[in-house]
Amino acid sequence: MSLVHEIDYGTPASKSEKLVTLTIDGMTVQVPEGTSIMRAAMEVGNQIPKLCATDMLDAFGSCRLCLVEIEGRNGTPASCTTPVADGIVVKTQTERLKKIRKGVMELYISDHPLDCLTCSANGDCELQDMAGVVGLRDVRYGYEGENHTKLGKDESNPYFTYEKSKCIVCNRCVRACEEVQGTFALTISGRGFDSRVSPGMDESFLSSECVSCGACVQSCPTATLNEKAMYNIGTPEHSVVTTCAYCGVGCTFKAEMRGDELVRMVPYKDGKANRGHSCVKGRFAYGYAVHQDRILKPMIRSSIHEPWKEVSYEEAIAYAASEFKRIQEKYGKRSVGGITSSRCTNEETYLVQKLIRGGFGNNNVDTCARVCHSPTGYGLSVTYGTSAGTQDFDSIEESDVVLIIGANPTDGHPVFGSRLKKRLRQGAKLIVVDPRRTDVVRSPHIEAAYHLPLRPGTNVAIVTALAHVIVTEGLVNEQFVRERCDWEEFQEWAAFVAEERHSPEAVEKYTGVPADAVRGAARLYATGGNGAIYYGLGVTEHSQGSTTVIAIANLAMATGNIGRNGVGVNPLRGQNNVQGSCDMGSFPHELPGYRHISDDATRASFEALWGVGLDDEPGLRIPNMFDAAVEGTYKGMYVQGEDILQSDPDTKHVSAGLAALECLVVQDLFLNETANYAHVFLPGCSFLEKDGTFTNAERRIQRIRKVMAPKNGYADWEVTQMLSNALGFPMNYSHPGEIMDEIAALTPSFAGVNYKLLDEMGSVQWPCNEKAPEGTPIMHIGGFVRGKGKFMLTEYVPTDEKTGPRFPLLLTTGRILSQYNVGAQTRRTENVVWHAEDVLEIHAHDAEVRGIRDGDFVKLDSRAGSTSLRAVISDRVAPGVVYTTFHHPVTQANVVTTDYSDWATNCPEYKVTAVQVSPSNGPTQWQEEYENLSRTSRRIAAE
Ligand code: SF4
Ligand code: SF4
Ligand code: SF4
Ligand code: FES
């Protein structure tokens, strides 16, 4: 294995379809109009020396190293900023050019600390390379004059250093921060000789606006900005292309290694979701994989009050299997079940549901999508015929109006957030529907045309009001609707939304959004060109989550914004593989490929291949599993890669359910909070230690590849296989590629997928089959998957969760950039410097009437429970609304969330909880007990 080197063409590719022919160093080249001479030269293999140019950024033309001569033109133009022209004759290497380039390099080198042998970028430095390329052998000016070589270092960022003395002021970092990331955290301060890169107003990186995405580090041609791992470990020697295991964007990385040590994660330019960019989590926060908290040996105990006992895999698996068998004999076949993980691979998820259906003989399988995007699956399936988003991420580049509902892309889906911001800076318009003023509403060089700060729980009313304006003001795309949708259903829907009670003016009193803003937003979405909708958990995690998804689908159909580039309905899926876990049959009523378990033909195909009869009754959903456990009819559970105690609502009820189990098997990297109630602990394996595939929010199936041996000895799929064999349901795979072959054989939308294709194409979006052998980037082109698009009525039903004198405020929850979900991974990395605790955002008015000051500890009470945390006074939330994140187990935001859930899918209503906030002295008694339990559990494990 060697390092995967991606060619740097110096400037971005031109999108023009018109071709231009020119001659470079005697060779004829044909390239798209608008291509730079530098890039055209690369096409024929001539690498023109460069320092300030890189193909991730627009040309800048500051270093003067890339000069060329063009016949018939005066001077020596910079090849990075000069576009090709028909018939020109270019020379890239002449005596004059050689002399100029040497002179340029002499100036750079005379002001550079020549500590190359001990420099962190030794062997990975473009300045060093260019000195060699231009043949620099001497510096006539010497090194003694005024220079910058004694400037200090900024080491404030936990992951990279800024070694000021090595900066050549090429501006690449500043441009990367602006053009790629869109944060505008860097400037060049000072003039002339005093010019230096400066985070913010001459602050440290850590205290500046920097979000630590690393784009500047990646673009820096010297050691000025460099990963600390390059200092500590040295340069990498081989790399493996793999996929980020955090969020549903699914960024592709080169894991650059020295031996079996991971030196750095470099975003892959060929990655179709990220196009060479990343966020702080994927690029830097991988240290959890080698964290000391990882449990590497299986453990068992007969009661949760006993200490754990370390045992062999054989013993742990045999114990778990015998317990499951005992329980089924005593309480019946349906008394056990399991939960698949959206963090694990498609292959692993598939195996867990196969084990439950085939080995347990029931359909008690569910997944964390239950608590996030199950309404997406339902809503898009009934209206369009497919339980997934309609576009690829590249589609945003063609959008003219972007409507974001209940999503916070710059925190939750950061690389998509950056791509969105880039499109907005190019002129696309933005509408944000969110109770909170998220970053995209207003940030450098971006301002939403409309922010509709609705009261939590009123999504259906707002989206239906948008439809009201579109219908009553004649903005419907009638041709699209007549051709593509059921016309009668449309008419019924149009009459429904046109009712006065759905007008922006009528709903204003309970949504809190001014009617004229709703009207303006509706007009803009319907008439502004390509309109794309992106939405998140702020849509789905409501008692009417499915209704809102349907309302969104209606809106896109009514305006014809479906079935081409730049438009569509796009759920921003949370977990890296939540799409995949749903595709793989993780729901109790569906086999892989979203086919109902009661369908005889589908069941028969699985029965034939698996060699076992299948139960035709849908199994229990997660909340029903806990209800049944409390009632005493559900007694055993296998949970792979999910901390249900922390991530599910109404923690008290979940813990009561877990405590009632006679056998809980937890498979995870760490002794998580759920493991407090476990009887068998099976060590999990990180994404760096195994092979498989993830499916991102675009339906893109991507490989993850093993970069190091599993520290716990086995990949997760191998452990599931052992358990299945011990249960008497044989599995005999030797590689995940064989599991994918079985998935493809049984699942029509995956029929064409195999590892060879994935290796050749990099990735593929399902459906991938005979009709679409290279996958399907955009869905519903020319017709909906279900036939005619289905308009459905979306009656707004207020949630039962109501504010009142006892609980007068509405709590809504979300994520922040540096942490990931329950924080099991990110809390075990340096990312904690950005978010050491969850805090409660509260409006100044609500804080003042309660005597709460910024930073005070407060108690948060709901009818479900209490917790306490620090308050931060913020104008991001409106009066009456408070907001927190759920990344730290000690805060346990889900202690206060209620058991209300979506009418169609049981997705919990995390986003609306009536609460009271009051001053407090510190943690609640419950939190102290909880901390004690966790501490005891960890101590017992350590012993
Ligand atoms: S790490 Fe990212 S946000 Fe920070 S300065 Fe660099 S490019 Fe900007
Ligand atoms: S820090 Fe690096 S990328 Fe930025 S101006 Fe200096 S040398 Fe160029
Ligand atoms: S945006 Fe998501 S997939 Fe990409 S690097 Fe960040 S966490 Fe990973
Ligand atoms: S690379 Fe063209 S001017 Fe720097």
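Cβ coordinates come from backbone N, Cα and C, glycine included.
According to TrEMBL, the domain '2Fe-2S ferredoxin-type' annotation covers 18-96. DSSP labels the residues of the domain '2Fe-2S ferredoxin-type' (18-96) in these numbers: 9 helix, 21 strand, 49 coil.
Per TrEMBL, domain '4Fe-4S His(Cys)3-ligated-type' is recorded for 96-135.
Tertiary neighbourhood of the domain '4Fe-4S ferredoxin-type' (158-189): same-chain residues 51-52, 54, 56-58, 60, 62-63, 108, 112-113, 119-120, 127, 148-152, 195-200, 202, 205-206, 208-229, 231, 276-277, 280, 283-284, 417-418, 421-422, 425, 443-446, 830-831, 833, selected by CB-CB distance under 8 Å and a gap of 6+ residues from either end. Sequence annotations record features per position, and here TrEMBL assigns domain '4Fe-4S ferredoxin-type' to 158-189 (among others).
Per-class residue totals from DSSP over the domain '4Fe-4S ferredoxin-type' (201-230), listed helix then strand then coil: 8 helix, 3 strand, 19 coil. Marked as domain '4Fe-4S ferredoxin-type' by TrEMBL: 201-230 (among others).
The average pLDDT computed over the domain '4Fe-4S Mo/W bis-MGD-type' (237-293) stands at 94. Residues or ranges marked as domain '4Fe-4S Mo/W bis-MGD-type' by TrEMBL: 237-293.
Per TrEMBL, region 'Disordered' is recorded for 919-943.
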In the domain '4Fe-4S ferredoxin-type' (158-189), how many residues does DSSP call helix, how many strand, and how many coil? 13 helix, 8 strand, 11 coil
DSSP composition of the domain '4Fe-4S Mo/W bis-MGD-type' (237-293), residue counts helix/strand/coil, works out to 9 helix, 21 strand, 27 coil
